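Annotation source Swiss-Prot lists region 'Disordered' at 1-21. The repeat 'WD 1' feature in Swiss-Prot is assigned to 317-358; the stated evidence is sequence analysis. What Swiss-Prot records for 433-472 is repeat 'WD 3'. According to Swiss-Prot, the repeat 'WD 4' annotation covers 475-514, on the basis of sequence analysis.
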């Protein structure tokens, strides 16, 4: 980055050393002074500004004892913290733009632990320190800085959740070798800062030296810093076995040409079929896939040259508000979770009404062996309807989701229950009681299992025949607000308020991937149909695409579309995905374009620069007039369905 851009990102300091003399005057002035701490710091600053790195390091090493003895000018410890933090900020300001960006990772944890140390014994001094230096903390940590501002004394300190997290865990940063050399040179002058780094911060060596500031900043934002390289040790079976349906979709997409997305190689990353116990594929599901197979020839391939067609469904006269929605896989039904604790089910086609199973007395009279058209006799055709309302929850319904075979609906609400509804009897079948609110519940692609994201900082895996979770994943540090099941049913992804995206193995219960880079709470997460990529969305509108194979950030789309309810859905061929931020617009992105760019840059490289606001990645933006888009869904022919509540 050039010097002009570098200066635009500088970290200011309240005690900047301003030199108005020329070089010769500086030398004469310094040589005429006794070699005390102040003179040594002036000389070191002069050497740094003139690029004399080796001389600076040599002088710092030789003058270490003097600097350590007089490191804080003999000030009391509570005042020395301010002096040392200001010195650290000034040192970062004198560095190059990339090194300065790496140093900025250290500012928040040093600031936080300095403030925590002061507030316990010197509350008044702590407030002065906080108000003076809070403006130097990167914007991505502003929410955490606000949480620290709520601490007024030792009592509120002990009750603060963020303080417990920072004290019990080390903050992780990743620095390149040049930055580590700068850090070694400054630590001899700021002993208090050095002690904080040694006790509360873990520093890893960066594999590659970043070439620009943006690359470093895209990975910042987590409450405990970036993710560790040691998390890559877990092997992940992220691929999806390609059956006849998937092969036909791929053939339709490529028009007979060879697809270059490592298709053959990815087959080696498929899990064993018996790795987890899955229910057998029912005849109903087989029939659904045969129907889908017949639609493959009519499936549209979406691109920038061939834009998507969107059908928007809007609900009106709903003053209570709609909190959630979901479509069946065949797009025949839509379920709406309302804020008044009820669920409304509508048939998308008025001619295809919902049939209700007859009562038990009538069913007992049917002779299965001799009766004709048993299926038609089991259902009350005259009582079929296009709309059904379910009641039973005691709070807003935050999530609804259909099972793959369309026989069950799962819902979660503010009453701390997850309910399983039978589509055939149109009644509540099971109630799962949870210790906290469940923000989202999601079936796996084979049914039977489902996952939940909860306000008690956990994600969980359940089965429809058990009343208690089979797995509980308790490593997040904040509410898990969104969740998704991997297409091969072996993994669960969750996004939480601590700004990390995590992937758990449902077989072993271990966390196999963790990603950092979001700057706010994560409100939506989605696996790609191929199983290799994850798309996540946060509350301030940032969109991130992660590669599970290399555990890396592939691309980031920085927007200003803040929202609290996000929706992500992939096209049936997996080449495009649609995103809504809970506002009145729909964004379309091309995953194929992104993959092509990564392939051109060298797919086998374990390190690539994340693509930020990549040209050609966003292939369309579609706005509604006043309707907030709550849910999105691609039909089997790649028609995009949107759902929203007018005026919400």
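Here the Cβ of each residue, glycine as well, is placed from N, Cα and C on the backbone.
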Treating G and I as helix alongside H, and B as strand alongside E, what does DSSP give for the repeat 'WD 4' (475-514) in helix, strand and coil?
0 helix, 22 strand, 18 coil
Write out how many residues of the repeat 'WD 3' (433-472) are helix, how many strand and how many coil, based on DSSP.
0 helix, 20 strand, 20 coil
Its residues classified by DSSP, the repeat 'WD 1' (317-358) shows 0 helix, 21 strand, 21 coil
